[in-house]
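Engineer: Before I ask anything, let me first share the structure, which is written out below as C-alpha cells.
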Amino acid sequence: MNWLLVVAGAVFGAPARYLTDRWVQARHDSVFPWGTFAVNVAGSFVLGVVTGSGEIPAKVQLLVGTGFCGALTTYSTFSFETLRLAEDGAGFYAVANVVGSIAAGLGAAFSGAAVASALWS
Amino acid sequence: MDGRSEALGAPGAVSPRPRPRVVHGQGPVLAVVALGGALGACARYGAGLLWPAPAGGFPWTTLGVNALGCLVIGAFLVAITEGRPVHRLVRPFFGTGVLGGFTTFSTYAVDIRRLVEGGRPAAGLLYLLLTVAAALVAVWTGAAVTRRIVRATERRPG
C-alpha cells in the first residue's frame, strides 16, 4: 500500500516537472534554468506544508511528500544544469543557480511549514 | 525531446524562434517520464526504508541518494550527448524520469529546516553544504570520467 502511494504521487510529480520545465523554458531567453528552479521551489513549499504540521496523516505524506514532491523536485538536473553553466563560461549564473535555488528552496520550505502550523494548530 | 522544438535559438537570430508547444505530441514522453519517475521515487523510498534516518538525526540517506543521482546523471547525459546517440525516449525515461524521481530537492530543503527547528543549526548548515558539495563533485566526476571514456572509444578504429 505504501509503495502504491509513492508510485501514485510520482507518476504525477515527474511529468509535472517535465511540463513545467518546458513551459517555463519556452518563456524566457536567459541561460538561467528557471524551469528547474521553479519546480524545486514549488515542491519545497508543498513539502514544507505537508511536513510542517503533525496533523497530516502518514499516508498523505507518502503520496504528496515522498511521491509527488520527491518526483516533482530534482537534485540531479539542478546539479547538471549548474555544471553546464560553469562549463559554458557562465560562472556567475552557475553560482547564482546554486545560491538562489538553495535560498529560495529554504524560504519556501519554511514558509510552507508556517502555513501548515497556521492552518492546523 | 524532439529536435524541432528543443533546438536552442541562436542569440541574435533574425526571426524569433517559435514557442514550442508544451503538451502537444508529448504523450509517449510523458508516459516514460511518469514510469521512470515512479521507479526512481520507489528506489529513493526503498533506500529510506533500508537506511532510515534517526529522528532528528543527520539525513545521510537523502545525501547519498542525491549524490549518487548526480554522479549517474553526469555520466548518462555526457554518454548520450557526446557518445553514441540513443532512442529519443531514453533521455526522458532515464534522465528526467528515473534520476529526477530518485533525487529530491524538496526533502533536502525540508530536512535542513527540521535540523534548524530541532535546535541543530550547525548540523543543518553542514548538511546544506555537504549535499551541494557532494552533488557538484559527483556530477562533475560522472561527466568528466565518461567524457574520457567516450573520447578514448572514438580514437579506436572501427
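A Cβ is built for glycine as well, from the same backbone N, Cα and C atoms used for every other residue.
When I checked TrEMBL for this same protein, it listed these features:
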type     : residues     : note
TRANSMEM : A:32-50      : transmembrane segment
TRANSMEM : A:62-80      : transmembrane segment
BINDING  : A:G70, A:T73 : Na(+) binding site
TRANSMEM : A:92-120     : transmembrane segment
Engineer: In the same chain, which residue numbers or ranges, 6 or more beyond the ends of the transmembrane segment (A:92-120), come under 8 angstroms Cβ to Cβ?
Structural biologist: 31-33, 36-37, 40-42, 44-53, 55-56, 78, 81-83, 85-86
Engineer: If you count Cβ atoms within 10 Å of the Cβ of A:G70 (Na(+) binding site), leaving out that atom itself, what do you get?
Structural biologist: 34
Engineer: In which DSSP state, out of helix, strand and coil, do we find A:G70 (Na(+) binding site)?
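Structural biologist: DSSP assigns A:G70 (Na(+) binding site) to helix.
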Engineer: Are there residues of the same chain, six or more positions away from A:T73 (Na(+) binding site), whose CB falls under 8 angstroms from its CB, and which are they?
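Structural biologist: Those within reach of A:T73 (Na(+) binding site), by Cβ under 8 Å and sequence separation of 6 or more, are A:R17, A:V39, A:N40, A:G43, A:S44, A:L47.
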